[in-house]
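Colleague: TrEMBL lists B:6-24, B:31-53, B:59-82, B:115-135, B:170-188, B:200-217, B:255-273, B:357-380, B:392-414, B:420-446, B:467-489 with the feature transmembrane segment. The feature domain 'DUF112' is assigned by TrEMBL to B:20-441.
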Amino acid sequence: MKRVISMVLVFAMVMMMSLTVVGCAKEETNETTNSEVAVGETSATAVTTESKTNFPERPINNIVPFGAGGGTDSWNRALSAAMEAPLGVKILVNNMTGGGPGGTGQAYVWEAKHDGYTMLGTSETPLLVPVMTGMKQTTDDFVYYIAGGSPGLLLANKNAGITSMADLMDMAKTKPNEIKVASTAGGLWFILANLFNSYGDVPLGNVTYDGSRPAITACVSGETALVVASAGEVADFIKSGDLIPLTTIQTTDYDMTGHGIIPSVITSIPSLEKYLPLNQWIGFMLPADTDAAIIAKFEEAFKVAMASQEIQDFATSQYAVIYNLTGEEASAVAAKAQSTMSWILNDMGLTEYSPEEFNIPRP
Amino acid sequence: MENLASFISAFIDLLSINVILLMLGSTALGVIIGALPGLTATMGIALLTGLTYNVPLEYTFTILMGVYVGGIYGGSISAILLNIPGTASAAATALDGHQLALQGKAETAIKVTRLASIIGTLIGVLALALLAPPLTKIALQFQSTEFFVLALFGVLICGSIAAEDLSIKGWIGGLIGLSIAFVKIDNIEGVARFTFGNPNLLSGISVIPAMIGFYAIPEVIKAFSNDDPLEVTEAKDISTEKVNVLMTVIKKFRVIVQSALIGLGLGALPGVGEDVAAWVSYDTAKKTSKEKEKYGKGSYEGAIAPEVGNNAAIGGATIPLLTLGVPGSPPAAVLLGALTLHGIRPGPMINIESPGFISQIAALILLAVVALWVVGVILAKPMTKILKVPKVYLMPIVAALSVIGSFAIGLSMFDLTMVFIFGVLGFFLSKMAYSPAPIVLGLILGGMIDETFRRSLIAHNGSFSSFFTRPIALIFLILIVLTIAKQIFDNRKQVKSKV
Amino acid sequence: MEKKAMRRADLITSVVLLIYSIGMFVMSVNLVLKTLSKGRMWYQSAGLFPTIVATFTFLCAISLMRTAFKDGADFSFLTMDNAKKLIKSKEFKVSFIIIGLLAMYIFILLPITWLRYEFSTFIFLFTFMIIFNKKDIKSIIKTIVICIIATGMLTYGFGQLAMIPLP
C-alpha cells in the first residue's frame with residue numbers, strides 16, 4: 001500500500017509541475033470548457049441535433065499534413081489563431097504527417113465527418129496525392145481557401161561565377177548537365193527545378209534533397225551551383241550575399257523588399273510561359289460536400305483573418321504574396337495547378353498512378 | 001570576446017523569479033517526458049510549441065529549452081532503471097546503465113549520468129555562446145560526401161555493440177535496421193521503394209514507434225515471462241561500495257572531453273542528432289578505453305560517455321539551427337518551427353535581425369543546466385522508487401504509455417501497427433540474443449547512408465574522386481579503414497589465443 | 001537460452017534471413033534495372049544500397065548457419081513433440097497472452113471509434129493486470145483503483161494537457 005501511495009504522490013507532483021507550466025502557456029488562450037476534442041468520436045445524433053446555423057459550437061481541428069515548423073504549419077497556425085475570434089471557438093492545429101505528399105492527413109480529414117469540425121491545412125503539395133498515393137479525391141472534392149505563398153526563385157551560389165540568367169544559359173550550353181540545381185525530391189520545387197532542362201532547353205542537372213532547407217544548405221555549402229526555393233526561405237541568404245537570385249519562376253517580375261527587382265523567367269526563357277503559374281500557395285481546405293452555410297461561415301472568418309494586421313505582418317515576415325482566394329477562384333487555381341503538376345511529373349515517369357485514372361485533364 | 005560579454009549579460013537579464021520558476025518547472029517536465037517510455041524530448045517540444053503559440057517570446061523559449069535539456073537527460077533514467085530508453089539518445093546509456101542497475105548501483109548510476117549530462121550541456125552551451133560562427137563554417141564544409149563517410153562510420157558501430165553472443169548478430173541487427181529504413185519514397189529518384197502499394201509506408205517508418213516497439217514491448221513481455229522475480233527491486237544501492245560520484249566522474253576527464261567534442265561536433269551537423277552523438281561517443285570511448293572489457297557489463301565510463309555526448313549535442317544542434325536555419329537534430333527541428341512562429345528568422349542574418357538572440361538562447365540553456373541539477377536531485381529518489389512498483393502494475397502501464405506515446409507523435413494508427421509488429425519481432429530477436437540497439441541505429445542511419453552516397457555521385461557526375469580529395473571525408477575514410485583493420489587484427493588475436 | 005537451444009534458433013533465423021535477403025535482392029535489382037531502363041545512371045537508383053544490404057545480409061545468414069551447424073545444431077529438432085513442448089512452456093504462454101492483449105488493444109479496442117480512449121485503455125490495463133496478479137479480493141480492488149488512476153492520468157495528460165485527439 002505504501003508503494004502505491006508513494007507512486008501516487010510522485011504522479012501528483014508531476015501533475016502539479018506540468019500544470020504550472022502548461023497553465024502559464026494557456027493563460028493567453030481561452031480554456032475550453034468542452035472536453036469533446038476527440039475527433040474520432042461520431043454519434044448519429046450529433047448530426048441531427050446540431051443546428052447548422054449555430055456552427056461552430058465546439059473547437060475545430062485543423063489537421064496539417066506536414067511537420068511542425070514548416071511553411072504549411074506556420075501559416076495554418078497563424079491563420080487558425082486569427083480565425084478564432086470571428087468563429088468564436090478554438091481551432092486546434094495538429095500535425096499528421098505521412099503518406100507521401102500529405103496523404104495520411106488528407107485521408108483522415110476525408111474520412112472524418114464532413115461537418116466542418118475537421119479542416120485540412122494544405123499547400124500545393126497535396127495536389128499530388130492522387131498520382132502518388134492513389135487516393136481518389138481530387139480538387140473537385142474540396143473547397144479551397146488560399147491565403148498566400150512565397151514566389152519561387154532560382155538562385156546561384158556566390159562562388160559559382162553566375163550572376164544572371166544569360167551567364168547561366170551560356171555556361172549550361174558548354175557544360176550540359178554538369179551544373180546542378182538543388183531542390184526537394186518531389187513536389188513544386190522539384191518540378192520547377194526540372195522545368196529548365198525538360199521544357200526550357202537549358203541543360204541543368206538536378207540533385208534532390210530531403211526538404212527545402214537541406215537543399216538550400218547544400219547550395220550554400222557549394223555542393224550544387226544552383227537552388228530552387230521560395231523567397232521566404234532564402235531571404236536571409238540573399239541578404240548575406242551567400243546566394244544570388246537569378247530569376248523568379250512566375251510570369252511577373254518580383255520586387256523583393258530589401259533586394260530589388262528579380263526578373264521573371266519568361267524574359268529569358270519565353271517557352272516556359274505556358275506551364276505557369278506554378279506558385280507556392282498555402283491555406284486550408286474542406287470537403288466540398290460540407291454544408292454550404294458552414295463553407296460560407298469559414299469564408300467570412302477567412303476574410304476577417306486575411307485582413308487582420310497579424311496576418312499581414314506574418315506574410316511580410318515570410319516574404320509571401322497574399323492571394324486571399326476562396327470559392328470558384330480558389331478551386332480554379334487548385335485545379336489548374338493539380339493538372340499541370342500531375343502531368344509534368346507523369347511525363348517524367350515519376351508518378352505511381354496516371355492522372356488519367358482520376359480524370360485530371362492535361363494542362 | 002564580445003560574445004562572452006553578451007552571453008554573461010544575457011544570463012544576468014534572465015534572472016527573474018518568473019523565468020527561474022518556469023525553467024525549473026519545464027526542466028522537470030522535460031525530465032519526466034524524457035523518462036517516460038513512449039514520450040520523447042522531440043514530442044514534448046512539439047506539443048509545447050503549439051501550446052505556447054500565444055505566449056510571449058522569453059517565456060516560450062524558457063519553457064522549450066527547459067524541456068529540451070530535461071528531456072535529453074530524462075531518457076537515461078528509464079534506460080537505466082527499465083532498460084527502455086525514454087528517448088533515442090539514451091539507447092547507448094541503456095547498455096551499461098541498466099547493467100549497473102542490475103548490480104544494485106542504480107542510484108549511483110543515475111547520479112553519475114546526471115553529472116555527465118550537466119557537464120555535457122555546459123560544454124555545448126559554451127560552444128554555442130562563443131564559437132557559433134567558426135563552427136558554422138565547419139558545418140558548411142560538410143557536403144554529401146562527408147555525410148556518407150560519417151554515416152558509414154556510424155554503421156560500423158553496429159558490429160561492435162556488445163552482444164552477448166556472436167558479434168555477427170550485431171551486424172545482422174544493423175542490416176535489418178538499414179533495410180527497414182529503405183522502405184519509403186526514395187528521396188532521389190522519387191519512386192516508391194518496398195512499399196507494396198501501401199500509402200502509409202510512403203513516408204517511411206518512423207524511428208520512434210520502431211524504437212518503442214523494439215525496446216519497450218520486449219521488456220514488458222520479458223518482465224512476465226522470466227522466472228526470476230523483479231530484477232531491480234531496490235533502486236537504493238545494495239552494493240556496499242561507497243562510490244563517490246564526483247570523483248568517479250572527474251577521473252574520467254579524458255572520456256568526458258572526448259565525448260563532449262564528439263557530441264558537439266555531431267550535433268552541429270545538420271541531420272545528425274543527439275542519438276547518433278550518443279552512439280559515437282560510446283563507441284569511441286570504448287575503443288580508446290583502458291578497460292574495454294568492462295563495457296556492456298556495467299562500466300561507469302560506458303554510461304558517462306553517451307550522456308555527455310548527447311547533452312553536448314544540444315548545444316551543438318542549436319548552432320546550425322540559429323546560424324543557418326538548418327536544425328542539427330530532431331528536437332532542434334521542432335524548435336525551428338517555434339522560432340518561425342514567434343517571428344525569429346534563424347539564418348545568417350540572425351545577428352542583424354535579432355541581435356543578441358544567440359546569447360539569449362545560450363543563457364537559457366545555461367539556466368536549464370542549473371535547473372537540471374536542482375530538478376535531478378529532487379527527482380532522483382522518487383524516480384528510482386518507480387522500480388518498487390510491482391511489475392504487474394508497472395509494466396501494463398508502460399505498455400499503455402508506449403501506445404499512446406507513439407500515437408501522439410503522428411496521430412497515426414499505422415504507427416501503432418508498427419509498434420506492434422516491431423514489438424513482436426523485437427521480442428523474438430531479443431530472446432535470440434539480438435540487441436535492439438544496432439537495429440535502431442541502422443534505422444536511424446539507413447536513409448542518410450543511402451542518400452548521401454548517391455547524392456555525392458550525382459553531384460560529382462559519377463566520380464568517386466570526391467571521397468578521396470575532400471580532406472574531411474578522407475580523414476574519416478582512413479579512420480574507417482583503421483577501425484576495420486584493428487577489428488580483424490583483434491579477432492585474429494582472439495582466435496590464436498583460443499587455440 | 002542455453003547454447004544448444006540458441007544454435008537451433010539461429011539455424012531457423014538463418015534460414016529466414018536467407019529467404020529475406022534473397023527476396024530483397026531480387027526487388028532491389030529490379031529497381032536498379034528500372035532505373036537503367038529509364039536512361040539514368042546506376043548510382044542514381046533507389047535499388048543500389050538495398051542490393052548491397054541484401055548481399056551482406058545473405059553473407060551473414062550463411063555465416064550464422066555455418067556457426068550453428070558447427071556447434072551441433074541440425075534440423076532434426078523440428079518435431080511435433082518439440083513443438084508441443086514449446087507451446088506448453090510458461091514462456092510461450094505468457095508471451096502469447098501479452099502479444100494477444102496488445103493486439104486486442106491496438107487492433108480492436110482503439111479503432112472502435114465509439115469506444116472512447118478511456119474505456120479502451122481501462123479494459124486493456126485491467127485485463128492485463130488481472131491475468132498476472134494474485135487473484136484475491138484485495139488485489140482485485142487495488143488493481144481497479146490503479147487502473148482508474150492510470151487511465152485517468154493518461155487521458156488527462158494527452159487529451160487535455162497536450163490536446164491531442166485521442167484514438
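From the backbone N, Cα and C atoms, a Cβ is placed for every residue, glycine too.
All TrEMBL annotations are machine predictions without curation.
Since we're looking at a predicted model, the values are computed, not measured.
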Colleague: Report, as numbers and ranges, which residues of the same chain sit near the transmembrane segment (B:170-188): CB under 8 Å and 6 or more residues beyond its ends.
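Modeller: 155, 158-161, 163, 194-195, 201-205, 210, 429, 434-447, 449-451, 454-455, 458.
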Colleague: Would you mind listing the long-range same-chain contacts of the transmembrane segment (B:200-217), meaning Cβ under 8 Å and 6+ residues beyond its ends?
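Modeller: Residues 37-38, 40, 42-43, 83-85, 88, 91, 94, 180-181, 183-185, 192, 194, 398-399, 402, 405-406, 409-410, 412, 414-416, 418-427, 429, 436, 439-440, 443-444, 447.
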Colleague: Find the member of B:31-53, B:115-135, B:357-380 that has more C-beta pairs under 8 Å to the transmembrane segment (B:6-24) than any other listed stretch.
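Modeller: Of the candidates B:31-53, B:115-135, B:357-380, B:357-380 scores highest.
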Colleague: Quick check: do the transmembrane segment (B:357-380) and the transmembrane segment (B:59-82) share at least 3 Cβ pairs under 8 Å, counting only pairs 6+ apart in sequence?
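Modeller: They are in contact.
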Colleague: Please identify the stretch among B:59-82, B:255-273, B:420-446, B:467-489 with the greatest number of Cβ pairs below 8 Å relative to the transmembrane segment (B:115-135).
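Modeller: Against the transmembrane segment (B:115-135), the leading stretch is B:255-273.
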Colleague: Short question: which residues 6 or more past the ends of the transmembrane segment (B:467-489) have a Cβ under 8 Å from it?
Modeller: 141-143, 145-146, 148-150, 152-153, 156, 159-160, 287, 456
Colleague: What average pLDDT is reported by the model for the domain 'DUF112' (B:20-441)?
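Modeller: 83, rounded to a whole number.
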